[in-house]
Amino acid sequence: MEVEEAGAVQTGTGEAVVANERTKQCSAFASITGCDEAVAQCFLAENDWDMERAINSYFEPGVESTLQNKPAADLADPLKQEMHAVTSDACIDLTSDDLVATKSEAVTSNSSTVKQQEDESHFTFLTWNIDGLDESNVAERARAVCSCLALYTPDVVFLQEVIPPYCEYLKKRAVSYKIITGNEDEYFTAMMLKKSRVKLISQEIVPYPSTLMMRNLLVANVNISGNSICLMTSHLESTKDHSKERLKQLDTVLKKMMDAPPSATVIFGGDTNLRDQEVAKIGGLPNTILDVWEFLGKPEHCRYTWDTKLNNNLRACYTSRLRFDRILYRASMEGSQVIPQFLNLVGTEKLDCGRFPSDHWGLLCDFDIIL
């Protein structure tokens, strides 16, 4: 694509910078949506070069007529087809009792679900790397994630590796949740807070200055059943080679947890990419911060959240079983206590496409509120 044809002014240093930036935007848009750069240019120009608005516009149901007029070769792009199918679905209240009752035979009755939802003495929490960067079978996998939300109706959800189209899909499907994100471009973390249970007080994004992978710490101060809770999620630097940066990021997380007001319970959850030896290398966690899996007696059934022995999404030719996804907890030093009670894996059922919702298992945790 010629920059001149994109309508950019051809002269002047400042204008050249704008043209270069718009070229980059076209490339990023094309990468996220799977369209070619000419189509990207059209959507961006129509939306005043606002990336989020352009992506939302592209994935609106009204884009169907545009796609129908495109060559068959363009329609064959898997990501475009699947994400278009996803975002064409009607809005669904994922905490609806009827939906929960029909999503799985594991739910034996509506009454028990409703009772659980109305019980102010506990809340449920889910953290999950949903692998939005994997374009394969993304529609079926996204629906499976929403089925898990409908089944378990967690009050708080932390997600990692969310991409803009996936986020828009969740906003359309999960209308019972308020969704806040750690970024808007490329891929990022997100929190989903059930509107009927969780009151958002404030939010903050804490940067990791030396990250090479656009990682940060998303923080939300909330109130659940009268209890002040500081929620934190992050996707720490990936791969064994980036251990040093990962531990710097962990240090930021731990300091932020310890600096939270003493009246607040602090819950961190996310894809930490941590190896046990890395935690040992820094002398373990501070005395006031607990690893929930360890606190609950190291249950074997949910030890590994990254498990290529059982999860074939990566199609790895090796076996790797690691506890990448972790929940850390700092108790309130005043008033009522929020105590972790139970931990389980989600997303472990293979889908019709032969794959799982993500290459990670999700971690579902029940917390009791003790007055």
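Cβ atoms here come from the backbone N, Cα and C positions, even for glycine.
Taken from Swiss-Prot, the feature region 'Interaction with 5' end of substrate DNA' covers 129-133 (among others), and the record attributes it to similarity to another entry. In terms of DSSP helix, strand and coil, the region 'Interaction with 5' end of substrate DNA' (129-133) has 0 helix, 1 strand, 4 coil.
According to Swiss-Prot, the feature Mg(2+) binding site maps to D131, E161. Mapped onto three states, the DSSP output places E161 (Mg(2+) binding site) in strand.
Summarising the annotation, Swiss-Prot assigns site 'Interaction with 5' end of substrate DNA' to Y187 (among others) and lists similarity to another entry as the type of evidence. Counting only same-chain residues at least 6 apart in sequence, those with a Cβ under 8 Å from the Cβ of Y187 (site 'Interaction with 5' end of substrate DNA') are G132, L133, E161, V162, I163, M214.
The region 'Interaction with 5' end of substrate DNA' feature in Swiss-Prot is assigned to 235-240 (among others). Taking DSSP states H, G and I as helix and E and B as strand, the region 'Interaction with 5' end of substrate DNA' (235-240) has 1 helix, 1 strand, 4 coil.
Using a 10 Å radius centred on the Cβ of D271 (active site, proton donor/acceptor) and all shown protein chains, the other Cβ atoms total 27. Summarising the annotation, Swiss-Prot assigns active site, proton donor/acceptor to D271 and lists similarity to another entry as the type of evidence.
Look at W306 (site 'Interaction with 5' end of substrate DNA'): DSSP puts it in a strand. Counted within 10 Å of its Cβ, the other Cβ atoms near W306 (site 'Interaction with 5' end of substrate DNA') come to 18, all protein chains included. What Swiss-Prot lists as site 'Interaction with 5' end of substrate DNA' is W306 (among others), and the listing cites similarity to another entry.
What Swiss-Prot records for F324 (among others) is site 'Interaction with 5' end of substrate DNA', and it gives similarity to another entry as the kind of evidence. Following the DSSP three-state reduction, the secondary structure of F324 (site 'Interaction with 5' end of substrate DNA') is coil. Neighbour count (other Cβ atoms within 10 Å of the Cβ, all protein chains): 22 for F324 (site 'Interaction with 5' end of substrate DNA').
H360 (site 'Interaction with 5' end of substrate DNA') is surrounded by 25 other CB atoms, counting those within 10 A of its CB over all protein chains shown. DSSP assigns H360 (site 'Interaction with 5' end of substrate DNA') to coil, not to a helix or a strand. Feature annotation from Swiss-Prot assigns site 'Interaction with 5' end of substrate DNA' to H360 (among others); the stated evidence is similarity to another entry.
Residue density at E161 (Mg(2+) binding site): 22 other Cβ atoms are found within 10 A of its Cβ, drawing on all protein chains shown.
The separation of D271 (active site, proton donor/acceptor) from F324 (site 'Interaction with 5' end of substrate DNA'), Cα to Cα, is 6 Å.
Taking D131, D271, H360 as the recorded positions under consideration, the smallest Cα distance to W306 (site 'Interaction with 5' end of substrate DNA') is found for H360.
Taking CA atoms as the reference points, D271 (active site, proton donor/acceptor) and H360 (site 'Interaction with 5' end of substrate DNA') are 9 Å apart.
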